[in-house]
Amino acid sequence: MAQGGEAVKRFSLLFISVFIIIGFQPVSAAEQRTVIIELEGDVSAYREYLEMHYPFIEIVDEFDTLFQGLALRATDAQLDELSQHSHLLNIHQVHTYKAESRKTEVPFVTQDFLGTSAAGVTGKGVKVGVIDTGIDYTHPDLKRNYKGGFDVVDWDEDPMETTPEEGEATIHGTHVAGIIGANGKMKGIAPDSEIYSYRALGPGGTGTSVQVIAAIEKAVEDKMDIINLSLGSSVNGPDWPTSLAVNKAVEMGVSVVTANGNEGPANWTVGSPATATKALSVGAVTTPQKTAVLYERFYKKMIPILPLQGAVEWKQRRSLPIMDGGTGEKQLLDATGKIVLFKRGKIPFAEKARAAERANAAAVLIYNDGSGPLEASIQDGGKPVSIPVAAVTRQVGLWLLKNEKTAQLSAKQVELQNRMAAFSSRGPVTRNWAIKPEISAPGAPVWSTVPQSGYQALQGTSMAAPYVAGALALVKEAHPEWTDEQQIGALLTTAQLLQKPNGKPYDPIEQGMGKMQPSKAISTPIIIENPLLRFGKIDTKQDAEYVLTVHNVSNVQQKLQFDMPKAVSGIRWKVPMAVELSPHETKRLNISISVNPDIQEAGVHQGYLSARFGQQEVHLPYLFLLKHADYPKAMGLEMEWKPLNRKGAYHYQIYLPEGADELRIDLYDPDTLIYKRQLLTKKQVDAGLLEGSMSKREAGKPGVYLALIQLRMTDGKYVSTELPLYLSDQMLMK
């Protein structure tokens, strides 16, 4: 076989933890299926080899921009034969579904919360690619601006949302697209932008890293001006495959906006691809609307809820006890006056709710079985459910189970405005200590379009990201003469610093520059291109320097003035007090910090430098890590069954931000905590992604486990963490 080209790093499978965990479906051995194969070496040469020696295998596409591979249609027998080739690194499954429409009735709420009419622009001519679950392009508010796209899941040119007939239905991409470019009863922030859909997430809103990367490559090839990625993972690292793909897309001239994640309020919870160095990552701010929350008076705990689509309003004011309903498989006999708490899985949402209703329950809560929020529907064409049904996060669900005997919940309406949403993930990024998010936007809750001509309020950084993508489209239309970096810099420079209820500003790793203000971004005379000051890790007494790039984009002289930083023992700043800029002049400013580690405590140090021009105040976030910090040293543990040879093998991966002298993984029963077996041991593990393969015998019995990960770090200290692990010897179907 002909060989050539530079070998590339293997991009491994990653479950995108946007909403829910993937299901399984058998595929007939005689059936042709569409797969993406990863290759090492010259893709064109391997394609020629296949065309010559395997004429009955259909090659449907070629990838050589963000990763090396081919999309092809073949039978199991043909794939089994190809898997013996040394240049084939991996086979990634995609699946074909038959699309059918269905109707639903969702009341429309007239609320122009995305309007920016004062800016005088509408995003006209700006191409925005939405990489998501697909789009219902027949929606009356979207069909005018929808221009095309591609479906990487089914591998065709019809990127429609998943319908109930095809699997677990999705609505996410349609909602995201409406925030950007709806143009009907509802107006998106950029109502004349051109919307393209790239479906990378299948039934239930899940996909693989290769599907996401393939979608990014398609969007780059189609010359998108902006890509919106309202998806994420639990891996906090700058060198995860999807993050690297985002960086490369930006280098090729595309502005990429990402959701920061929904794993807050803890620090270090940002996940890839928001960890990409060149991505514009977005946190979520509450919108000025009243929303229902649950309150536990004894524990003084406020619990955000997300009503399921089609559910009645949550009006219970009196405190109600909780009842564990499991997954809904066992019959509920009597739940009178109680809130039944279900775990997601096994039984459809509507069936769980009807079972609770038959048992005289007052309401239903469903908690996710994976990370992140759960957004779903109880509309299945059957009898409507008359009691409230809402979703909570896995963390909340487990807390409620733990306190089932004592906790009682009441509902209340609260008004949250210009506050960082509790679920919004926090930074910083491990290894390079970047500040994430860079900016924030409305995300809790946001009304937008959903399939079958509907409208619904959803919440998440998934909603905040398209708000910024739409605003960026406005800036691009208003100022095509600005570079991509200047256009993004304008949004950052003019953002509004948000404050907590106590009057103190949110930390940089919570809000970035603050809440975006599109109209001010369009009219700003000064742009600070890279205003988030990242000084990295400091181990000894030393100076750390950061270079700001400042542009005067106006026709008159401008003056940028810095305030003297507050005096802090052990920290000394060097900051220019005032900078004069002639019309259209650019200057680079050195800002340095000297830290004495003997005086300052170890850990993350952050804050703001203040500056101003004219009437505009700018608050520049800064961050440095002194010596070390307490953050997850292991994440992203997954094992996937791969038919790469006749016997098959498990592909495993785990991300270690600092590496380790020794790694050990033991498996336990998640319910009884009884030790089961040792899964893996490794020595001298480099920082970053560790991946490999093991046989079925080495992996052991399939099932759900609690993995105890023990690390001996390079300094000799031991750390441990627990992660869930699902082990299956079935090929995952998307």
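Using N, Cα and C of the backbone, Cβ positions are placed for all residues, glycine too.
According to TrEMBL, the protein carries these features:
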type	residues	note
ACT_SITE	Asp132	active site, charge relay system
ACT_SITE	His172	active site, charge relay system
ACT_SITE	Ser462	active site, charge relay system
DOMAIN	123-505	domain 'Peptidase S8/S53'
DOMAIN	331-399	domain 'PA'
PLDDT averaged over every residue in the domain 'PA' (331-399): 89
Site with most surrounding Cβ atoms, counting all protein chains shown within 10 Å, from the active-site residues His172, Ser462: Ser462
Structural state of Ser462 (active site, charge relay system), classified by DSSP into three states: helix
In three-state DSSP terms, the structure that Asp132 (active site, charge relay system) belongs to: strand
